[in-house]
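Sequence annotations record features per position, and here TrEMBL assigns region 'Disordered' to 1-37. Annotation comment: TrEMBL describes 27-37 as compositional bias 'Basic and acidic residues'. Annotation comment: TrEMBL describes 123-147, 154-177, 197-222, 234-257, 296-314, 321-340 as transmembrane segment.
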Amino acid sequence: MDISQPTRRRRSQPSDPPARSSSSYSKLDKASKSDGKDEGLKWALPFFALGILRYMSATSNIIHDCDEVFNYWEPLHFLLYKTGFQTWEYSSQFALRSYLYLLFHEIVARPALWVFGDDKVRVFYAVRFFLGFLSVVTETVLVVAISRKYGKRLACYTLAMLCLASGCFFASTSFLPSSFSMYAISLASGLFLLDKHAAAVAVSAIGVILGWPFSILAFLPVTLYSLYIKFKQAFIGGAVTSAILLALSVVTDYNYYGKWTSSVLNLLIYNVAGGGESHLYGTEGPLFYLKNGFNNFNFCFVLAMLFLGILPIAKKKYAPDLLIVISPLYIWLGFMSLQPHKEERFLYPVYPLICVAASAVIESFPDLFRDKYDSSDNSFIVKVAKFLRPVVLSIILYSSHARTFSLIHGYQAPIEIYKILEHHDDVANGSVLCVGSEWHRYPSSFFVPDFVGQVRWIDDGFGGLLPFQFNSTLGGTAAAPPYFNNKNMASEEQYLHDIDACTFLVELQLKRPYLTRGSDLSTWEAIAALPYLDRELSPALYRSFFIPYLWQEKNVFGMYKLLRRIPK
């Protein structure tokens, strides 16, 4: 008699491989547990959320760096109005700055000039809105791409940080090549996650050539991996885009500098092959960017630094694609920290990646405590980790708002003071506006009304080279004025020595044991005064972050004043 024996099945062991393997985690891993119809966030939500915050940035952002004014706003003002300050980098002798980058923004500035006429302040903000729009579009692509590949939770965390992180809030509407490279990094990363590798490489080329050439290091991971995946398409996309932009750049530079030259190549030669002399403009220690990163991103920056630490646990989710997207953060941070000359704006290109990395760490909190062989583990400690996700995110967002509020309300006086100038047009045309030690907070000629004939610097002890007005007599943009040099050596011609010629005076009066020019009440009358946060006398914690009831109590404020000479 045949006796059928039941088939014996070996019990699954922890060492057994999973039934379904994947080289790269995506949101489809989660979708398999549901109906698989979730396509992630729609375009409208991130576009609308980012749009509101970038509008707020465009209207309330301060100017954080005098290079933004003198290397970009002032040359743009000259292209529009035939007046404006010129730096030595724009001398045709050195030709380090790209006019193609300026022309890209003139696409908006010129029509704004036609619409608003003599209202230069509105033209300024029209360009700011354009910068904000670029930020909105590129970051929306990044958020939607993350949503489609990794799920809504990670995308929403990233969106929240992009919206409210102080660093992104300020960098998004700054008129700087490093901000443009930031837009390109967001867009290239999003396209890469959407498997549009050729487009990602093309956008990377735009970010490097039209934006900031040194940011090429930050684009390398996405570019190289895209070439590895789809070499032919990616190579053609990058090569064609690069060739077109380089040709346009050379032709544009010839048109403005009056000679065949390449500002992109000149900049690289000056800083790399020639060694550069950026140390002439100040040096910082190796921890500068770590401190700066915490100020602008608080605990978001700390979590971003921990991404590599959680990668062994979250490798299935994030490697290789998200790791490739985030890796420029560490490459760029390490490289820039080794350079002696450091500035906050140099870190702008990787700001969105800080948000992505921190969001990935927060999203992975439960994975740190979950049994790796039991994906459905919902133990008490896992529940606590899930609860901590919104708590940590809330702390980051509140701290970011506190930082943003403190900077805007503590340092907005220079822009607001110059806006008041247009209401005092009861003086003769050709008036002279004088600026001393506050030259580096000059918000640009867009805020100087037409009845002011000249803006002049007066000597308050600064020993470096200051910008001069573009000189049309010498050739305008094609000129190589003899008073410019690349050694940061002051020129005798940069100061107005006859102080009696000044009609208006802008100065910052702090609580110091010495008098300023504006203290002479027999000569000057204050027509506007606004509080300005005194960085040296205010405690670091209270000046860096707004703490209710303590911000005004603990900080010390000076007065930013617009003064007018009293008629004799």
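Heads up, the Cβ atoms here are built off N, Cα and C, so glycines get one too.
What TrEMBL says about a protein is an automatic prediction, not a curated fact.
Quick caveat, the model's predicted, so the values are computed rather than measured.
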Could you tell me what the rest of the chain brings near the transmembrane segment (296-314), counting residues at least six beyond its ends with Cβ under 8 Å?
161, 165-167, 170, 323, 326, 329-330, 344, 351, 353-355, 357-358, 360-362, 364, 367-368, 372, 392, 395-396, 399-400, 403
Taking a Cβ cut-off under 8 Å, which residues six or more beyond the ends of the transmembrane segment (154-177) line up next to it in the same chain?
40-41, 45-46, 49-50, 53-54, 56-58, 61-65, 67-68, 72-73, 76, 98, 101, 105, 127-128, 131-132, 135, 139, 142-144, 146-147, 211-212, 293, 295-297, 300, 345, 347-348, 351-352, 354-356, 358-360, 362-363, 389, 393, 396-397, 400-401, 403-404, 407
Where else in the chain does the transmembrane segment (123-147) make close Cβ contacts, counting only residues six or more beyond its ends and a cut-off under 8 Å?
27, 40-43, 46-47, 50-51, 54-55, 57-59, 61, 73, 76, 80, 105, 108-109, 112-113, 116, 154-155, 158-159, 162, 168, 172-175, 179-180, 182-184, 186-187, 189-194, 352, 356, 444, 446-447
